[in-house]
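Lifted from TrEMBL, the feature list:
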type: ACT_SITE; residues: SER116; note: active site, schiff-base intermediate with substrate
type: ACT_SITE; residues: HIS121; note: active site, proton acceptor
type: ACT_SITE; residues: CYS136; note: active site, proton donor
type: MOD_RES; residues: SER116; note: pyruvic acid (Ser)
Amino acid sequence: MVDSPSRTGGSPDRDAATGTLHLVYSDGHGADDGAPDSNATAAPVQDHFIERDGLRFAGVHLLVDLWGGEGLDNLDLTEAALIAATRAAGATLLHTHLHHFTPNGGISGVLVLAESHISIHTWPERAYAALDIFMCGEADPYKAIPVLRAAFRPTTITVTENKRGMVP
């Protein structure tokens, strides 16, 4: 069970346009917040954080809703589409795990990438699929969208972008 923000000490902020609830948790100690000390000299670290528009963050996480889609109960189509989306985004596939449910035929699964992951959950009885596409480094999750559109032929796609791991 997930506690409500008031019970966990989170500071809630709801986006009026989307209804998205944002919670910020802080221990209030500042110096021990996990952020790198700007005065410290550290050995060079090879990370895959992104620097763009004056921001530094771990990666781009797209929340993708497909409505009116076709083939959402087709395991072979789903696997091929997700692998093609991975390649189009310039990401590196490490592992694929998909599960085909019965009797409705929905599919849930994840592609583990060197750059993070793509996950999918389908409800073919609703012609709906929910995907998470999270990538760091040079991979571009937006390049996966046209591949998904071509494979599932949805009538509507909504995409919400989150920048994960924003460095303060």
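The backbone N, Cα and C atoms fix where each Cβ goes, glycine too.
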Which residues in the same chain, at least 6 apart in sequence, have a Cβ under 8 Å from the Cβ of CYS136 (active site, proton donor)?
HIS48, PHE49, ILE50, ALA58, GLY59, VAL60, GLU115, SER116
Looking only at SER116, HIS121, which of these active-site residues has the biggest number of Cβ atoms within 10 Å around its Cβ?
SER116
